[in-house]
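Reviewing the structure listed below.
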Amino acid sequence: MNTKEIVNKYEFKFNKNLGQNFLVDESVLEDIIKGAEISKEDTVIEIGPGVGTLTKELLERAKEVYSIELDGDLIPILQEELKEYNNFTLIHKDALKIDFNGLMENKDSIKLVANLPYYVTTPIISRLLKEKCDFKSLTIMIQKEVAERIDAEPNCKEYGSLTVLVQYYCNTEIIRKVSPNCFIPRPKVDSIVIKLDRLSEPRVRVKSEKLFFNVVRSSFNMRRKTLWNSLKSLNIDKESMENAFERAGIDPKRRGETLSIEEFGKLSDCIYDIL
């Protein structure tokens, strides 16, 4: 059965508070599966399985699938629809509260697939990256504007701290755009399927990741300010900051949105050296 048929079969009522929009376009489903590149060696962690339409396709291809679902009304539906699969584990929990490192422990070749409610997209991606969870890739359907921020380059309005965070740890690839007409109920925004391939090492080597991300965050807090004014929040004396900018070869009159990840790394290391 397809998604609409399963929804009708169980007379499922969508929960607006959970931001539920179920994918009904099979071509998008196929592109997610193709993009995720799932094999029998892979353990898949799926966030937001809905009524299990994508989950079935994952179960047919993966070694095992762990699906995380918050909505208690979906649990019996998933249990019934997927009862024939012995490689399926259903976790009834909020993905924001999951111990991902614990879940991934002693598992090889972990790939994540997610159709996230838009309000939890950034918190979950940030957690997976900052907590250094051991996964190979994350194939995710998210709001178009967020995907464009993740995949952005310097000198554009989409480029920001989320861009730097994700691209510090991952390569990014936009797989396809998804129209609101591909969902029930129909959302008010366009979506994009994007894949994040985890790098074996961060894109740049820095002396302090904590300082690096503090510099990045401060540089984008007030986008129209120069780096000199933005980085005053670090509470470093004027002479030391002048020295750091000079050693990094970066004009303090530039704005954060003009710096590459490599330049942020160079600047944060020069600040680290003078602290």
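Heads up, the Cβ atoms here are built off N, Cα and C, so glycines get one too.
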Of D94, D99, D134, which does Swiss-Prot put in the S-adenosyl-L-methionine site with N21, L23, G48, E69, N115?
D94
With every protein chain in view, how many other Cβ atoms are within 10 Å of the Cβ of E69 (S-adenosyl-L-methionine binding site)?
24
